[in-house]
Amino acid sequence: MPSNKSVSDAPITQFINCRILRDHHLQREDLWVREGRILDPEKLFFDEKGYADERVDCEGSIIAPGFIDVQINGGYGIDFSQPSNDVSSGISLVAQKILEHGVTSFCPTLVTSPPSVYHKVLPQVKVHGGGRHGAGVLGFHLEGPFISLEKKGAHPEQYLRTFSSGGKDDLMETYGGLDNVAMVTLAPELPNSQSAVRELCQRGITVSLGHSVANLSQAEEAVQAGASFITHLFNAMLPFHHRDPGIVGLLTSDQIPPGRMVYYGMIADGIHTNPAALRIAHRAHPSGLVLVTDAITAMGLPPGRHTLGQQVVEIQGLHAYVAGLTDVFLVLGTTTLCGSIATMDMCVRHFKQASGCSVEEALEGASLHPAQLLGISHKKGNLDYGSDADLVLLDDALNVKATYISGEEVWRRGA
Amino acid sequence: MRLVILDDYAQSSEWAAKYICNRIIQFNPSEDRYFTLGLPTGSTPYGCYQKLIQYHRSGDLSFKYVKTFNMDEYVGLPRSHPQSYHSYMWNNFFKHIDINPANAHILDGNADDLEEECQKYEEKIQEAGGIQLFVGGIGPDGHIAFNEPGSSLVSRTRVKTLAKDTIMANARFFDNDLSKVPTMALTVGVGTVMDAKEVLILITGAHKALALSRAIEEGVNHMWTVSAFQQHPTTTFVCDEDATLELRVKTVKYFKGTRTPDTMRDTVECLLQIHKTHVDRLGELP
C-alpha cells in the first residue's frame, strides 16, 4: 500500500499474535512501535492514514515492559564495588548478560566502600540508554556506608560512616559527587540523617531505608523528609514487632504524606524471605512491591569462592554466604546472607508461585513499580503510548523468549 | 423489499456478514474498481462485524480494494473518546482487517466547519462512484442513521440535533448521565442512503419490533424514516424472530416462504434458496 504517513517516515513495527500488559491486564492486542517508542495505532490510522511496515509474529507470547533491577551488585565475575580503572567495561558486561533475564534497565549497586572507591568508580559511569550493547544504566544505587553497625550484613564494618559533618557535607565527602546516582540506602536512625535525606531528595535521588535498626517513628520521619523505598524488606532491619513494627510497619503506616507511596524491595529468590513473609508483605501493600535481585558477582557463575566489595563469599547452589576471613573456612564459615545469585526472571517466577499473585502483578513488580519508584514511569515500566519500547517477550511460564530495547531486538533465546 | 427472518441474533449476524462478504467477492474489486460499502455502528451490527473479521482472518475476504463510508458521528466528542464512532470502528472492525486507512471514511464531528465537512463527505461518496451496498440499522424510533423523526426523506449529509429518545437510548454508554451524551451529530441523509445501489438493514431484538412494523407495514412517513426504503428498488431487511413480534402473522408467513408454488415448503427451504442465490459462493453452503 502506498505510504501516507504524515508525522514521520520512520518504519513502524507491529507485534502481532501476542498478549500485552496494559492497564494492569494482559490483553490480546497488537503492539505498535515507531522510533523506539510505543505508538498509538488508532491515531496512526485516522490522523496519518498509516500502517505497519514490518510485522513481528510473537506466536502467542506475553509482551511485558522490560524489567528494571534497582539493586544489583555485579554478576558473571564482575563486582561493581571493586575499584578498577575500567569500571565501565565490567558494568557493560553485566548489562549485556542481564538482557537474557529480561532486564532492560538497571541501577549498578555499590555496597559500603571506602571513599577512595566511590571517588574512583562513580565518575566512570554515566546514566545512559540501553541497546544491543546491554541494558540501560539508570544511575548508581549506593547502599551504604551510612548504615547501622548492628545490621551491616555482609558490608565491611570498617567502612561504615555516620553523618558527623551534619549530613550534606558527609555525602559529598564520602561519595565525591552525586551525579549519575539514582538511589542511596541509609539508616535513618543515624543522627543528622534528615538533612542528608532532604539533600538527596532535592537532587532527585531516591532515598531508601535499609541496614538499619530504626523504629517505626524514625522510619516515618525519614519518609516525611522524602524517603520512598525500603531496601530488601525484612533483611538487615529489626524484625516486625507488634508494638513497634519498625521499618516493616511502613507498609501500612498512616503517616505517609498524601500523594506519596512507600515502595519496598523484595529478593524473591526463595532464600532471603520465607514465602509466608513474602505473602504477608504483598497482601499488606501489593502496589508497593518492587522485585530486586540484589545479585552479586557470583550470579551466573558456577559454585566456588568470589569477592563482594571488600569481602570474600562462598557459593553453594543458590546460596551465597560470607566466608570466614581465613581460607580454612570453606562450605560452612558464617551463615550471613550476602546478596543473591538469582536472576530477575527467576525472581518474577518465584514471586508469582510463592505469593499466588496474578501474572500481571508479578510482571508489574519487576517493571511498573520500579519505574514508579524512580519517577520514570512516564517513559519506562509500562506499554503506554509514548513510553520507550523496552520489551520482554515471555512464554506462559514466564521464561524469557526475547528482549527488546527501544523497539530493537537485543536478545533472543536460541539465537 | 426482501425480509429475511432468522432465528436469533447470531444467525442474523452471520447471514448479513455472508451476504456482504459474497457481494464483495462477486464484485471482484481491484485497484481500478473499488467496492464501496456504507457502514453502521451500534450493538446490532456488532455480531456482523465479528463474522466479517472471521472471514478476513480465514483468508476468504480482503478489504484491500474496499472503500467504506460510515453513516454518522457525534459532534463535539473527542475522537479518542471510547464512545466515539471512530473508536467503535477502529476497535470493532478496522484494526482487525486489511483496509487501507485512506479508504476508511468517517464524518469528523470536530471539524471547524461542520457544514463544509458534510458537503465534502457527499463529494467523497460521489468521487468513489457512489455506494454499492449501504448497511444500516434502525433506532427504536424508526430512524436510519441519525435521521430522527421529522427528517426529510430526501435529505443529504448534514448536522442533526438528536431526539430525546435517542439521547436516552445512548445514555447507557455515558455512565447513565444524560448530561454527558452528545446532543448533535453529523449524519448521512435519507436521500444519501437511498442513492446506494443496494441497501441492507439489520434489525434485531424485541425493542425494535414496533419500528420495523411501522417501517414496512405502514406508509412512507418521515416520522419513521426507514419507511423511505419502501421506495428503493433493492432493499433487504435482515431480522431475528424477536424483531418480528409486532408484524402481522400474514407478513411473516409471506416472507418465511409460503410465497412459493409448493406451499408445503418450510422456512429452511426458502432460506436455503435465498442463500444459494445471494449468499453462498460457488453454490456451496459454507
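Heads up, the Cβ atoms here are built off N, Cα and C, so glycines get one too.
Per TrEMBL, domain 'Amidohydrolase-related' is recorded for A:62-410. The Zn(2+) binding site annotation in TrEMBL covers A:Glu143, A:His211, A:His232. The substrate binding site annotation in TrEMBL covers A:Ala154, A:Asn235, A:Ala236, A:Arg243, A:His272, A:Leu337, A:Cys338, A:Gly339. Residues or ranges marked as active site, proton donor/acceptor by TrEMBL: A:Asp294.
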Worksheet item: From the centroid of the CB atoms of A:Glu143, A:His211, A:His232, the recorded Zn(2+) site, which same-chain residues not already listed sit within 8 A by their CB, in sequence order?
Response: A:Gln71, A:Gly144, A:Ile147, A:Gly153, A:His155, A:Thr185, A:Ser208, A:Gly210, A:Thr231, A:Asn235, A:Ala236, A:Asp294
Worksheet entry | Candidate with sparsest Cβ neighbourhood (10 Å radius) among A:His211, A:His232, A:Arg243, the listed binding-site residues | A:Arg243
Worksheet entry | Neighbouring C-beta atoms (10 Å sphere around the C-beta of A:Asn235 (substrate binding site)) | 17
Fill in: Chain-internal residues, separated by at least six, CB under 8 A from the residue listed as 'active site, proton donor/acceptor'
A:Gln71, A:Ile72, A:Asn73, A:Thr109, A:His232, A:Gly265, A:Ile267, A:His272, A:Gly339, A:Ser340
Worksheet item: What's the CA to CA span in angstrom from A:Glu143 (Zn(2+) binding site) over to A:Ala154 (substrate binding site)?
Response: 11
Worksheet, complete the sentence: Out of A:Ala236, A:Gly339, the listed binding-site residues, fewest other Cβ atoms within 10 Å surround the Cβ of A:Ala236
Fill in: Cβ neighbour count within 10 Å of A:Glu143 (Zn(2+) binding site)
31
Worksheet item: What is the total of other Cβ atoms whose distance to the Cβ of A:Cys338 (substrate binding site) is within 10 Å?
Response: 23
Worksheet item: Can you tell me how far the Cα of A:Ala236 (substrate binding site) sits from the Cα of A:His211 (Zn(2+) binding site), in Å?
Response: 5
Worksheet item: Including all protein chains displayed, how many Cβ atoms other than that of A:His272 (substrate binding site) lie within 10 Å of its Cβ?
Response: 20
Worksheet item: In whole Å, how far is A:His211 (Zn(2+) binding site) from A:Asn235 (substrate binding site) when you measure between their Cα atoms?
Response: 8
Fill in: Residue pair A:Cys338 (substrate binding site), A:His211 (Zn(2+) binding site) - Cα distance, angstrom, rounded
12
Worksheet item: Cα distance, A:His211 (Zn(2+) binding site) to A:Arg243 (substrate binding site), nearest Å?
Response: 21
